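Visitor: This is the structure, below, for whatever I ask next.
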Amino acid sequence: MAHFFSFFILIISVSFLPLTLSRSLSSPPLESQILDVAKSIQNTLHVLSPKFQSFQQEAIKQPLFNSSSSSAFSVSIYPRSSLTKTQHKNYTYLTLSRLARDSVRVSSLTTMLQLEEIQTPVTSGVSEGSGEYFARVGFGQPVKEFYMAIDTGSDITWLQCEPCSECYQQTDSIFNPSDSSTYTSLSCDSPECSALHVSECSSTGTCLYQVSYGDGSFTVGEFATETVSLGNSGGSSFSNVAIGCGHDNEGLFIGSAGLVALGGGSLSLPSQIKATSFSYCLVDRDSDSSSTLEFNSAGPSDSIIAPLLQNSKRSTFFYVGLEGISVAGEMLSVPANIFQVDDNGNGGIIVDSGTAVTRFERSVYNALRDTFVKYAQDLPADGDFMLFDTCYDLSGMKTASVPTVAFHFSGGKTLSLHPKNTLVPVNSSGKFCLAFAPEDGKFSIIGNIQQQGTRVSYDLANNLVGFSPDKC
């Protein structure tokens with residue numbers, strides 16, 4: 001089955017925001033903020049320690065579902081390091097692995113966002129491991145729980161299924177649809193099958209799906225409906241959710257049983273369960289904490305609100321209305337329309353939890369980097385590191401004053417990034433790099449390094465996106 005046409009899917013992780021959020025103008029950003037260098041370095045050592053792995057494996061055994069009302073519910077989410085034991089001998093190798101995954105993902109997103117002709121197979125942004133954050137999700141009746149990668153750039157939820165012609169290693173046992181009383185194969189003429197960008201029929205008349213990824217990985221199998229459980233047993237189970245049941249899953253996936261699609265298309269999980277909103281907060285990937293993916297819940301009242309924009313050519317992605325960027329209070333001199341989607345669906349800036357490093361169109365990145373360097377002259381320069389071209393040696397410091405990078409959204413709201421979202425360690429010896437990179441395409445991406453520690457909320461009913469720092 002692996003030879004038939006690839007079709008549309010990819011990944012982002014997002015959130016929800018209610019109408020009660022404040023619309024007042026944001027305070028001007030601070031020119032600089034203090035980075036806790038010692039704590040950041042300590043985290044790079046902690047994430048590789050046996051104690052960290054032991055703590056996390058114990059933590060993820062705790063109940064992961066919560067439902068405070070009949071309509072609002074949440075699941076806990078964890079960074080990749082909680083689920084898969086690292087094999088890297090030091091933090092430098094771990095960073096290299098993360099950046100390699102990130103580069104493959106962005107290359108795939110580039111393919112999708114360049115708006116190739118519809119006949120051209122479109123590949124996903126997911127690369128090895130299917131994402132960086134995972135949630136515990138239940139499938140079938142009786143319910144069986146699995147660790148699933150969460151992704152707002154995807155529209156098709158899928159998991160590995162027995163019998164396997166080829167299955168990669170995952171943390172949980174593989175889902176067997178014959179054990180579930182609510183699993184139903186979809187026919188080729190079903191509305192769900194017709195909603196796929198490309199579909200095929202099996203010899204028995206059932207609908208087949210395929211999702212292909214930029215690194216050559218793919219999942220192929222039967223398109224079906226199943227009960228999906230996202231809360232405890234009282235009312236957070238959803239019947240007849242269309243999912244992919246993958247019998248041939250090949251490539252560099254790690255740990256997760258599959259992927260929960262949180263994108264904007266009609267087949268995504270939020271669309272199918274008719275969620276009016278959802279939100280998540282991504283914890284630091286090197287921390288031993290967790291946070292939540294929430295649906296239909298009231299977001300923080302002090303969220304920084306921006307318009308959630310639509311791109312008729314790419315319904316999966318969540319575009320945000322960004323008007324400018326400042327460094328240390330100085331606005332970058334870039335064209336006013338640089339972050340806008342044009343009439344052909346090109347350009348714009350998306351929020352993507354699967355991409356680690358924020359990418360800007362090259363002229364924007366160059367302006368950001370040069371302005372940052374101008375205001376960071378007290379920090380000792382330390383060359384480059386892979387895609388990072390601006391690094392500093394902070395090895396002799398406990399703290400450092402870092403110029404504030406701020407995003408200025410349409411409507412007058414400003415999100416000031418924490419120093420840890422701006423300079424990140426690439427080893428355990430004190431080398432920190434500016435966590436942005438240039439992109440030669442016409443689009444930009446707000447990645448998960450810049451989102452970590454901030455609850456990102458999406459009001460799907462009113463097309464608003466909110467950012468709430470320190471609300472994990």
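The count begins at 1 with the first shown residue.
Cβ atoms are placed via backbone N, Cα and C, with glycine included.
All TrEMBL annotations are machine predictions without curation.
What you see is a predicted model, and the numbers here were worked out from it, not measured in a lab.
Under the heading signal peptide, TrEMBL lists 1-22. For 133-468, the entry in TrEMBL reads domain 'Peptidase A1'. Per TrEMBL, the feature active site maps to ASP151, ASP352.
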Visitor: Which of ASP151, ASP352 (the active-site residues) has the most other Cβ atoms within 10 Å?
Guide: ASP151
Visitor: Summarise the model confidence on the domain 'Peptidase A1' (133-468) as a single mean pLDDT, whole number.
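Guide: Per the prediction, mean pLDDT sits at 92 for the domain 'Peptidase A1' (133-468).
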Visitor: For the C-alpha pair, I'd like the distance in angstrom between ASP151 (active site) and ASP352 (active site), rounded off.
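Guide: On Cα coordinates alone, these residues lie 8 Å apart.
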